[in-house]
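See below for the structure under consideration.
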Amino acid sequence: MDRIDRINRSGRKRNSLTPRSTLFPCPSCQRDIDLGERGINGLFRNFTLETIVERYRQAARAAIAIMCDFCKPPPQESTKSCMDCSASYCNECFKIHHPWGTVKAQHEYVGPTTNFRPKILMCPEHEMERVNMYCEICRRPVCHLCKLGGGHANHRVTTMSTAYKTLKEKLSKDIEYLISKESQVKAHITQLDLLLKETECNSERAKQEASQSFEKLYHVLEEKKSAALRAIETSKNIRLEKLQTQVEEYQGLLENNGLVGYAQEVLKETDPSCFVQTAKQLHIRIQKATESLRSFRPAAETTFEDFVVDTAKQEDILGDLSFHSNGLEIPEINEEQSRMYNKALISWECPGKTDSADIYVLEYHKLNKEEESVTWQKTEVCGKSKVLSDLDDDSSYAFRVRGYKGSICSLWSREVIMRTPPAPVFSFLFDDKCGYNNEHLQLNPRRTSVESRAGFPLLLGSERLQVGCYTTLDYIIGDTGIAKGKHFWAFSVEAYSYLVKVGVVPSNKIQKLFHNTHDVTSPRYEQDSGHDSGSEDAFFDSSQPCTLVTLGMKKFFIPATPAAPKDPASRILPLPSCLGICLDCDRGRVGFYDAGRMKCLYECEVDCSGLMYPAFALMGGAAVHLE
């Protein structure tokens with residue numbers, strides 16, 4: 001019953017759209033175990049454990065008597081329990097219900113108990129069948145129906161007696177080994193007791209050291225606080241003294257007070273020589289007072305803005321104050337899974353593949369040589385990835401991450417630098433109307449992927465195999481045009497692609513593009529030419545109505561221009577996993593990028609007089625996926 005109660009309390013049901021199943025948390029590791037549709041009914045009862053528990057229960061309730069189930073009131077104390085009848089009896093009732101010479105007299109009886117278990121272990125899958133075999137794969141008893149057509153049909157089984165003998169021998173040997181190592185176990189217990197005491201002592205010492213560290217901070221803050229308050233008080237006294245002096249000077253300008261009163265008395269002097277002697281200095285003082293009155297200005301400032309304490313940086317530092325633990329794994333940013341496009345996806349993982357941290361803190365900042373100090377922006381993440389959308393275009397950013405478990409944190413991960421696209425991301429879909437050849441090309445329903453499959457047209461076009469295989473490219477464009485500004489878009493080309501061309505086309509040349517009768521050669525070394533025909537494509541592109549570069553066979557072909565290397569091999573680069581195109585209509589230039597590293601592979605001039613459309617061309621087996 002205890003097991004049923006635990007499952008009823010902690011078992012969880014899935015939604016009604018899925019088959020009913022019971023999830024039970026493992027008591028050891030807390031991982032959810034799916035008990036299947038039958039739930040607890042699919043489990044064996046552990047009769048051995050029940051017997052052991054009952055033995056201890058009987059010892060615990062020895063003072064509590066088990067009463068007879070058949071006595072008339074008042075019932076007598078039972079003396080035995082029948083395992084076949086699942087009832088308890090006193091001596092008299094047992095004789096009455098189990099008379100000598102009857103079948104019931106052969107029933108198995110034990111001491112008084114309330115735990116009645118069946119004498120035969122039945123199969124939980126086939127309730128009417130007793131288990132008589134042992135599955136060595138699943139390590140559990142099974143019946144013959146489980147072996148014939150059940151879930152153990154192809155499993156290796158053995159007889160129950162053989163399994164009993166084998167397991168009992170193993171268990172006996174293991175117990176004997178543990179008993180023989182009793183002294184070693186005691187030594188380990190003694191060592192663990194010492195470690196417990198040492199842990200207590202070390203934790204107290206760590207608390208004292210932490211308290212001392214914070215006390216030092218308190219002391220520094222108190223000193224800084226006292227110095228700041230003293231400076232403010234000194235400045236206040238100086239300012240008050242200046243203002244008070246100024247007040248006294250202006251009070252002297254009032255009638256019958258100070259300077260004005262003295263001047264009025266001097267004017268009463270009738271002796272010219274005495275008046276002149278006194279009036280000269282008095283006139284100078286009156287002039288100064290008059291000038292001061294005309295250009296009134298307080299002798300001191302009343303604000304204390306110079307004494308405002310800026311603690312923003314210190315607050316950030318104190319906010320990051322935590323314990324660094326070597327036991328918490330340092331996360332690592334996964335550069336392959338992290339992406340930069342219209343938003344940034346930053347992913348990380350722990351080396352041990354264990355999620356030991358409760359939360360993670362991701363910090364990032366823009367790399368700027370002009371800034372002397374670095375200000376990290378931070379965000380808390382519960383998982384192992386984060387999407388950021390507030391990054392500037394054509395900029396490099398540094399990222400780092402650390403894990404937190406309570407007040408303990410790991411060290412920072414290695415900083416990873418990633419670059420954003422050189423321009424705002426331009427969104428479009430493949431156009432399924434303008435010039436789209438649905439016989440050779442196939443679009444997915446969302447129009448974000450296009451595939452060219454090599455079929456009969458390619459085989460029929462290979463009749464001139466003696467001079468090289470020539471076929472016509474199948475073109476497709478984006479459904480949105482660009483009139484001005486700078487824009488960037490990215491895509492990936494499948495590794496198996498034979499030939500793909502990518503670039504831009506102006507609106508006034510789209511018709512010419514789809515009705516072009518010229519043939520295009522494949523990027524192979526041809527037997528008759530003796531050189532890479534990819535270079536022939538490059539020279540041929542100069543006469544095409546659009547600006548395209550050639551991709552294929554896991555290669556990126558830089559067009560042959562006067563500025564390009566003369567050696568054809570140096571113009572062949574490995575095909576990046578993700579490619580990007582940056583069109584600058586204002587400058588009339590188009591660049592082709594390794595979108596994973598945001599590195600420009602090739603750039604050229606382009607005529608942007610009309611509306612510009614992304615253009616793609618495929619031949620043979622090839623596929624392009626928009627980012």
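In case you wondered, yes, glycine gets a Cβ from its N, Cα and C as well.
A quick note: this is a predicted structure, and the numbers were derived from the prediction, not measured.
Among the features that TrEMBL reports, coiled coil is placed at 189-216.
The domain 'B box-type' annotation in TrEMBL covers 118-160. For the domain 'B box-type' (118-160), the DSSP counts in helix, strand and coil order read 7 helix, 11 strand, 25 coil.
Positions annotated as domain 'COS' by TrEMBL: 267-324. The average pLDDT computed for the domain 'COS' (267-324) is 76.
The feature domain 'Fibronectin type-III' is assigned by TrEMBL to 330-423. With helix defined as DSSP H, G or I and strand as E or B, the domain 'Fibronectin type-III' (330-423) counts 0 helix, 43 strand, 51 coil.
Sequence annotations record features per position, and here TrEMBL assigns domain 'B30.2/SPRY' to 408-627.
Remark: secondary structure over the domain 'COS' (267-324) totals 35 helix, 2 strand, 21 coil, with classes taken from DSSP.
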